[in-house]
Amino acid sequence: MSSRIKNLFPRVIINSRCEKTIEIDLISDNWEKVTASVPSGKSKGKKEIVEVKADKAVNLIENKIFSKIKGFELCQQIKFDQLLNEYGDNVGSNTKLVLSIAYLKLSSLSLSLENYAYIRHYLTKIHKSFYHFPTPYFNMVNGGVHANNNLGFQEFLVIPKLKASFKENYWSAVEIYQSLKLVLIKSGLGTTIADEGGYSFDLKDDTKVFDLLKIACTEKSLVPGKEIFFGIDASADNLHKSADNLTSTYEKIMANYPLVYLEDPYSENDFKYWLAIMSKKNHNFLIVGDDLTVTNSQYINQYAQQKLINGVIIKPNQIGTITQTLEAIETAKKNHLKIIVSHRSGETNDDFIADFALAVEADGVKFGAPARGERVAKYNRLLKIEDNLINQTNNN
């Protein structure tokens, strides 16, 4: 007989931006307990489901939702999420997601499974025991709304390629991050740490950031364009630049630096520019929707069919439940899109998203820089899983 939900204890905690968010303890009738917490974004797509204030979420869980889920059987994720969605969007994506994640964790624990194994075997259509680890997209420099500087682009990314393991990719990025700090000091620039762990400093020209990244890579004998590539999260809806101006900037960067990734390069409504840049890219270049697609199956399918994107960001709190997030991923896979599972700028130390990314065979992950505890928790979780899987293989 399956375990059931016995009790819960929601509370308000602080996220990495010193803002209130929700954490919950969920307890089964076998006295097993899990804890889950949810992040919050600062740069948000206009179409993503809204959050409610953390205090209101706690009140909703205690006084409205708990009575309906008490006694609910575990390992019934679709039915549980359907129940949550009966409340509509008025309860907030954060309220639904913290319950959805906690329920998944408790279901996994009831079967003595790791979260990634439970998701893979019970919630996805992936029927294989081999785990393909995602490529990490490291946020080295922050700008836009994620930093107090004059850089326009929100994220300047370093992407290691062709390494044999996640661990090797991770350590190469750590070396670049450490090297970049020394480069910035020598250049008389700041080394302030911004929201997502990347460095924050002022430059008149965003493109010059890539010169600094090239130097940092070279100092560690890592070759840009061969072992290391670059990416941009433009978050164009937050930029005060015309689409034509942005196009010129992207063309300049692509001509001079090994750029392979562009996320939200234009406003959500500048469709002709999305289409134009997609038609010009080579087959290895990713044009990725985030604010455009907001982890919503309908939008992902629509914009993939219109050939505006060939990659998509997946953020569970944009849509509200694990089931809906999995539906978005399935839609992306049917449209042959690359999948990048992402954190949010206001994070917690919950590392669930690392298990989730591995389980669904994400092509990439964006967890921020290899710095700040709430970012490192996710990367370290993947390191631990990789080591555990290697040890299991060697001992069999």
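Note that Cβ sites are derived from N, Cα and C of the backbone, with glycine treated the same way.
Quantities reported herein were computed from a predicted structural model and do not represent experimental measurements.
Among D206, D211, D233, D237, only D233 appears in TrEMBL as part of the Mg(2+) site alongside E263, D290. The most densely surrounded of the recorded positions K315, R344, K366 is K366 (count of other Cβ atoms within 10 A of its Cβ). In terms of Cα spacing, the binding-site residues E263, D290, S342, R344 that come within 10 Å of K315 (active site, proton acceptor) are D290, S342, R344. For E263 (substrate binding site), the count of additional Cβ atoms within 10 Å of its Cβ stands at 29 [all protein chains shown].
Here the candidates are the recorded positions E196, D233, D290. The one whose C-alpha lies nearest to that of E263 (substrate binding site) is D233.
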